[in-house]
Amino acid sequence: MTEARDTGRARRARSLGLVVLVLGLLVDQLHKYWMLHVVDIAEKSPIAVTSWFNLVLTWNRGVSYGLFQQDSHFGRWVLIAVTAVAGVVFFAWLLKATRYMPAISLGLVLGGALGNGIDRVFRGAVADFFHFHIGQFSWYVFNFADIWIVAGVVGLLYDSLVGRPKDAAKDGHEPTG
């Protein structure tokens, strides 16, 4: 492949990653607005969609799966700062991505992290809505941003384990993103 062709493909991969970031953020924020202000989930929770899935409202003051719950303003701002630093690192990684899988995966992680970060800054906690349960088993309540983050991390793990181009191993060069 020529240098110009590689550069064009890398540029398209990064552009797609940025589109995924923006779309993920928009879907997350529009869904949260709709659930909070149109559905008024705070008044109507829980809404049984099926016998094993409810729409609810849970305010998560921690991170994924409710870990590191923070009831203080200091703890909230620490989580915001950690999210901001991680966001800058992941965004820099996205800007260096040369392949589609990592670019899309990074866009998903960033869109989800920004969506939850916006909640944390402006609402003081992250609004979660989706609750799966079967009998006594109850899964954590989550939102679209959480789905994007998990899907992005799975994509990055997949890419790191099996997604490398075959020609990189042949010529001894490792791809950069």
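Using N, Cα and C of the backbone, Cβ positions are placed for all residues, glycine too.
Per TrEMBL, transmembrane segment is recorded for 12-30, 74-95, 100-118, 138-158. Marked as active site by TrEMBL: Asp128, Asp146.
Here the transmembrane segment (138-158) sits against the transmembrane segment (12-30); at least 3 CB pairs are under 8 Å, leaving out pairs fewer than 6 apart in sequence. Within the chain carrying the transmembrane segment (74-95), a Cβ under 8 angstroms from the stretch's Cβ atoms is held by residues 14, 17-18, 21, 61-63, 68, 102-103, 106-107, 109-110, 113-114, 116-117, 120-121, 124-125, 177, all 6 or more beyond its ends. Asp146 (active site) sits 9 Å from Asp128 (active site), taking the CA atoms of both as reference points.
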